[in-house]
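So that you can see what the record holds, here are the features copied from Swiss-Prot:
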| type | residues | note |
| --- | --- | --- |
| TRANSMEM | 16-36 | transmembrane segment |
| TRANSMEM | 58-78 | transmembrane segment |
| TRANSMEM | 101-121 | transmembrane segment |
| TRANSMEM | 146-166 | transmembrane segment |
| TRANSMEM | 167-187 | transmembrane segment |
| TRANSMEM | 221-241 | transmembrane segment |
| TRANSMEM | 253-273 | transmembrane segment |
| TRANSMEM | 294-314 | transmembrane segment |
| TRANSMEM | 343-363 | transmembrane segment |
| TRANSMEM | 373-393 | transmembrane segment |
| TRANSMEM | 399-419 | transmembrane segment |
| TRANSMEM | 424-444 | transmembrane segment |
Amino acid sequence: MSNAHHDAFDKATKAGFIIALGIVYGDIGTSPLYTMQSLVDNQGGLSQVSEAFILGSVSLIIWTLTLVTTIKYVLIALKADNHHEGGIFSLFTLVRRMSRWLIIPAMLGGATLLSDGALTPAVTVTSAIEGLKAVPELSSIYQNQTNVILTTLLILMVLFGLQRFGTGVIGKLFGPVMLVWFSVLGISGLLNSLQHLEILKAINPYYALHLLVSPENHRGIFILGSIFLATTGAEALYSDLGHVGRGNIYASWPFVKVCIILSYCGQAAWILAHKDSGIALNPFFASVPEGLRVYLVILATLAAIIASQALISGSFTLVSEAMRLKIFPLFKITYPGANLGQLYIPVINWSLFAVTSCTVLYFRTSAHMEAAYGLAITITMLMTTILLAYYLIKEGVKPLLASLLMAFFAFIEFIFFLASAVKFMHGGYVVVVLALAIVFVMVIWHAGTMIVAKYVKSLSLNDYKHQIKLLRDDLRFDLYQTNVVYLTNRMKKDLIDRSILYSILDKRPKRAQVYWFVNVRVTDEPYTATYKVDMLETDYIVCVELYLGFRMPQTVPRYLRTIVQDLMESGRLPKQAQDYTITPGREVGDFRFVIIEERVSHARQLSTLERFVMQTKASIKHVTASPMRWFGLQYSEATVEVVPLLLSDVLKLPIKEIKACTKDEKA
């Protein structure tokens, strides 16, 4: 990575500041929509709220944002960039060589983050639309919750439906809209806080600690389940590191944090002024003059849509990284935008839409959604903390110091997890079941890959290159193709899967001028595109190690075209002049790609568990993208050959020949 690129990553600019507001802070920036309402509702309503309760609640929010979001994520986690990319899978790639078991927290963290992303659009958009209840002209319509649900579903349908077109032009508006949003949060919060300056005492952590043991807190430590809603977007902040750069997050976070805290203080001040009024409105909207509420609802809806868009885009990125790390099934990916960072996965998009819509229909109100929200993300944060501990040790921090520092954050997050665990019975099981389903798929996919690696045998190409040369020159066989390309997941120096040589020499001898063996290796860097070539001292065998970053599309034909030209220009590969062509001077022959697909046989080596894993993986493959599409072969000549996973252990079933009777025997 060039120094100029590194400097740009750490540099803050005015444009980067605005862009960061639109991409990074959607989730955490819309938390004021529902956090204070959740606290009041769980306390039993405005009539049950005291000054000590409000001061303690705001103090807990302030110190949660300070300890978890600011110190852990902004000051520590943002340092753990993988070639300027963030997120739990990027962090995992930095430390995975330190211990094999680290795949477990990576899977758990990724699955819970993905499941949480299905709930965020539901709760944010519903909360925004419910704000219409506070608008006198529309309250009669939206007091009927069914109308809230229908409006929410319509917005979600449009939002998910537009994903296939990318966020190109409209994405440029996200930053300015969120700048207005945070400014409104800060200004309205400040104006309300001036009416009750005593709310500023919440900066003192004494009020936070006192509330946890105070009898005025009806829920005890479980109040932290609502407090945690204020920091659910911290993980997304780290995941979006690569989109905006570290410098822009450092520059924008203080502004965002101040505006958010002012909003909470302003809502708290309004609650103190109206706690005896019996008003049953969301403090966020009620704290604004009636004449301005409709505009605030519109702005809140836009902010909710932007937050949802960020979560949807983040889910696409998360899944694509998991696929390239070989811990998730392959799904079709398209790139609707002008850059690789803007991607679209149809299966994930419509799965998220289905889950989000069902969430809205099942829970109906934002209050019920809030009761289930946050449980999954506490697990994600705990898993990130585990990986961060290993990262700090890898970077030279003394193990004891790194362990103590991360143990401090793990303790805080574990308390939040315990406080949120009660949400399981109030709808949190929906997110947990979804997360477990995702983990199950990840485990099956990863375990299946490991089983194949365990049983597949390799042979040396050097031992068979003479046979391959004889086959190439044997005119008794028709020319199968000028170039035959075998794609393999396993190739080490001259060792390749036995099934590939079986396909060339035994199954149906395939005569070609050049035999290619291509292995795509996913690197820890996000945007690598390099290759190595070993021709085994021949001009008819080419072993290619293609190194692609974990965010790069694996469209093999496009890369192979460049490699062929490089080899011919350097004289290592003979030119393949074509007698019949519509392209004058064409010097490259035709290609056929061959993919070997292993299927489970009834071999005795496989244990019952291994057989279950492989059969389940085969079932999952029915709904995933084919290798043809994944490797960009849909417009190329390609063949898939099916071979048993194990060739050696074929059971010899007893069978006896019945001999025909002779004439003498019949007589």
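Glycine residues also receive a Cβ, built from the backbone N, Cα and C atoms like all the rest.
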* Are there 3 or more C-beta pairs under 8 Å linking the transmembrane segment (146-166) with the transmembrane segment (343-363), counting only pairs at least 6 apart in sequence? -> yes
* the transmembrane segment (294-314) vs the transmembrane segment (101-121): 3 or more CB pairs under 8 Å -> yes
* Asked: When each of 253-273, 373-393, 399-419 is checked against the transmembrane segment (101-121) for Cβ pairs under 8 Å, which one has the most?
  -> 373-393
* Asked: Any contact between the transmembrane segment (253-273) and the transmembrane segment (399-419), i.e. 3 or more CB pairs below 8 Å with pairs at least 6 residues apart?
  -> no
* To do: Using a Cβ-Cβ cut-off of under 8 Å, list the residues of the same chain that are 6+ residues beyond the ends of the transmembrane segment (399-419) and lie near it.
  => 67-68, 72, 221-225, 227-228, 374-375, 378-379, 381-382, 385-386, 388-389, 392-393
* the transmembrane segment (221-241) vs the transmembrane segment (373-393): three or more C-beta pairs under 8 Å (separation of 6 or more)? -> yes
* Structure fact -> Other same-chain positions with a Cβ less than 8 Å from the transmembrane segment (373-393) and lying at least 6 residues past its termini are 68, 72, 76-77, 80, 88, 91-92, 94-95, 98-99, 102, 105-106, 108-109, 112-113, 115-116, 119-120, 123, 225, 228-229, 232, 234-235, 238, 399, 401-403, 405-406, 409-410, 413-414, 416-417, 420-421, 423-424, 428, 431-432, 435
